[in-house]
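Accompanying notes for the structure given below.
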């Protein structure tokens with residue numbers, strides 16, 4: 001089961017135990033998941049943003065950052081000492097034998113530190129950056145998420161000799177591994193096996209396993225525990241006396257995914273490093289049963305991994321007034337001048353590298369990682385328990401844990417498809433969330449918008465609000481195809497839209513939330529209802545209120561919060577051109593439209609011009625999920641009439657007040673948006689035995705045949 005951002009009971013329990021100072025043996029007194037809630041509430045978002053950027057050009061970086069955290073904690077505790085460079089008084093741990101020319105990611109840590117310093121100067125330690133980066137790396141690779149205890153401070157020294165003696169080696173026997181884990185206070189069975197499972201992603205150099213291929217333990221022969229087919233492949237990659245810096249996958253099956261395949265590899269004698277294979281091939285070892293359990297039960301692995309990561313992260317941290325908060329992770333602070341501070345840079349606009357075609361960076365294709373708090377951990381926990389006990393936001397049979405046993409990787413698979421698509425289509429997130437909106441407004445969230453036209457189905461894609469504007473159907477097809485390859489006949493298309501909407505918001509820097517799941521797919525579509533119910537870009541406030549009320553949403557908070565999704569994405573000229581030249585048939589522009597914006601838009605969209613030309617819904621941060629949308633409304637720069645109506649309608653005091661609040665308080669917007677998204681996602685879902693689980697989102701199952709069937713491929 002994936003312990004994803006749709007919070008799992010274990011994660012909630014760990015959070016509450018740590019929060020209330022529970023009796024877990026690894027709960028360290030002064031560390032707390034809420035340590036930066038007041039002083040740097042955006043720290044996780046900033047670190048995640050830098051990591052997402054780095055992953056586009058370096059798929060290894062997540063594993064590399066996780067390894068930095070490991071190697072830091074094993075030497076005098078989790079104190080950021082591994083990050084210090086050589087000086088006259090510091091012998092850098094980077095040059096210790098287990099680290100030299102193998103540990104990497106220091107430049108990415110520098111970027112994280114610079115971004116964090118820009119937002120919260122002198123607040124967040126380098127040691128905590130490593131701890132957060134490790135968790136985010138695992139989560140973004142499809143693994144579990146957890147609440148990271150924070151509050152570590154940075155060391156003033158490094159310990160190269162300690163690194164040489166304390167760090168586990170790739171050549172170590174099981175006895176040596178157990179000894180090294182025991183020396184730092186970790187247990188020698190579950191912690192050892194669970195943390196070794198981090199080798200489910202990343203790479204290793206030939207130098208770290210070459211002896212297994214040719215001269216194991218000085219025998220002049222290969223390691224007898226190594227699978228012979230695998231041995232031949234590795235010998236071809238790493239010939240004797242060849243280039244020992246060549247890298248290969250630690251897990252050849254899913255090399256960049258955090259999953260349980262590492263343990264399956266050990267069972268077939270395909271562990272890359274001796275230290276890996278020893279866990280399974282050492283006769284009589286207590287670790288063998290754990291390997292077998294984790295191989296067959298990924299949920300057990302993920303839950304043990306979370307516990308062990310928290311335990312490891314609590315090894316001898318510096319807290320209180322011990323150590324310091326370094327301004328530059330590579331060196332201790334210069335107390336007199338502060339000259340070691342990194343140059344801080346904005347993290348709001350991060351360029352994508354077009355990795356798919358390896359072309360030059362296009363700085364117009366951007367992802368915005370918002371420098372604001374996404375959503376307080378306490379609120380997420382509260383929402384989760386509201387679902388668990390059937391609170392006011394809960395819908396009968398929907399639950400965030402619906403696929404935990406039947407398709408635990410569902411969220412990570414959908415997230416992966418979105419991340420791939422964002423590289424060449426920065427609009428896709430906004431397009432996917434719009435599909436979810438337009439689906440839910442027509443007879444509930446049932447995937448009906450995805451159905452193609454047939455002799456018996458009048459497709460909603462051709463309704464006025466969708467025709468030649470709704471998009472992203474091909475991306476939903478890819479999501480469905482990959483899910484069918486992993487969890488056949490399990491995940492509905494309606495749930496794919498709900499998950500895709502949440503993940504699109506998160507990847508654009510907005511809030512995350514536990515997504516109630518368990519919807520089933522409709523057997524019909526309703527173009528007439530789509531024409532009647534979906535809000536239009538020319539709607540007055542009165543009309544908008546009516547449309548929200550009809551579907552069961554409230555006509556103030558839900559209306560304003562959900563309209564805030566127009567903080568990212570694009571709109572075609574034809575959706576707002578009346579405002580530029582002939583508003584309400586007056587022959588004049590909309591008088592509420594800012595004159596400078598009017599001139600800019602008239603240049604983009606001339607009368608008689610191409611109505612499909614696109615304009616940014618939010619010209620300030622067009623691909624970022626933030627609260628600038630509301631500031632635009634205050635400045636009369638809302639692009640669509642339906643947007644500006646929220647602020648410019650005389651007498652709409654309840655709506656105007658919300659716009660003003662959300663403009664100045666992004667946290668309030670994010671929290672209201674989450675509540676409204678959950679409420680909208682609960683509109684009349686099909687559950688139980690109603691509807692079906694479509695195998696192809698475009699076609700009801702009864703009509704599947706030949707060319708209409710989705711081609712299922714391995715992921």
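Placed from the backbone N, Cα and C atoms, the Cβ positions cover glycine too.
Per TrEMBL, these features apply:
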ACT_SITE  71  active site, proton acceptor
BINDING   72, 75, 77, 79, 81, 93  Ca(2+) 1 binding site
BINDING   168  substrate binding site
BINDING   199  heme b binding site
BINDING   200, 251, 254, 259  Ca(2+) 2 binding site
DISULFID  40-120  disulfide bond
DISULFID  73-78  disulfide bond
DISULFID  126-329  disulfide bond
DISULFID  206-238  disulfide bond
DOMAIN    30-333  domain 'Plant heme peroxidase family profile'
DOMAIN    397-701  domain 'Plant heme peroxidase family profile'
SIGNAL    1-29  signal peptide
SITE      67  site 'Transition state stabilizer'
Key: Proximal residue to residue 254 (Ca(2+) 2 binding site) among recorded positions 67, 78, 81, 126 (C-alpha distance)   = 67
Query = What mean pLDDT does the predicted model reach across the domain 'Plant heme peroxidase family profile' (397-701)?
reply = 95
Key: C-alpha spacing of residue 78 (disulfide bond) relative to residue 71 (active site, proton acceptor), in angstrom   = 9
Inquiry  = Give me the sequence-ordered set of same-chain residues, not including 72, 75, 77, 79, 81, 93, with a C-beta within 8 angstroms of the centroid of the Ca(2+) 1 site's C-beta atoms.
reply    = 71, 73, 74, 76, 78, 80, 82, 127, 155, 158, 159, 162, 163
Key: Long-range Cβ environment of residue 73 (disulfide bond), under 8 Å and at least 6 residues apart   = 184, 312, 313, 315
Query = Looking at the recorded positions 67, 120, 238, 329, whose Cα is closest in space to that of residue 259 (Ca(2+) 2 binding site)?
reply = 67
Request  = Using all protein chains shown, find which of the disulfide-bonded residues 40, 78, 120, 206, 238 scores highest when you count other CB atoms within 10 A of its CB.
outcome  = 78
Query = Which ones in the same chain are close to residue 77 (Ca(2+) 1 binding site), with CB under 8 Å and 6+ residues apart in sequence?
reply = 315, 316, 317, 318
Query = In sequence order, which same-chain residues at least six apart have a C-beta under 8 angstroms from the residue listed as 'substrate binding site'?
reply = 74, 98, 176, 177, 180, 181, 275
Query = Least buried of the binding-site residues 81, 200, 254, going by other Cβ atoms within 10 Å?
reply = 254
Query = Nearest to residue 200 (Ca(2+) 2 binding site) by Cα distance: which of the recorded positions 67, 75, 78 is it?
reply = 67
Query = Within 8 Å of the Cβ centroid of the Ca(2+) 2 site residues 200, 251, 254, 259, which other residues of the same chain have their Cβ?
reply = 201, 253, 255, 257, 258, 260, 261, 262
Key: Rounded to the nearest Å - Cα separation of residue 40 (disulfide bond) and residue 206 (disulfide bond)   = 41
Task = Would you kindly give the Cα-Cα distance separating residue 78 (disulfide bond) and residue 93 (Ca(2+) 1 binding site), rounded to the nearest Å?
result = 13
Key: Rounded distance in angstrom between the Cα atoms of residue 126 (disulfide bond) and residue 79 (Ca(2+) 1 binding site)   = 8
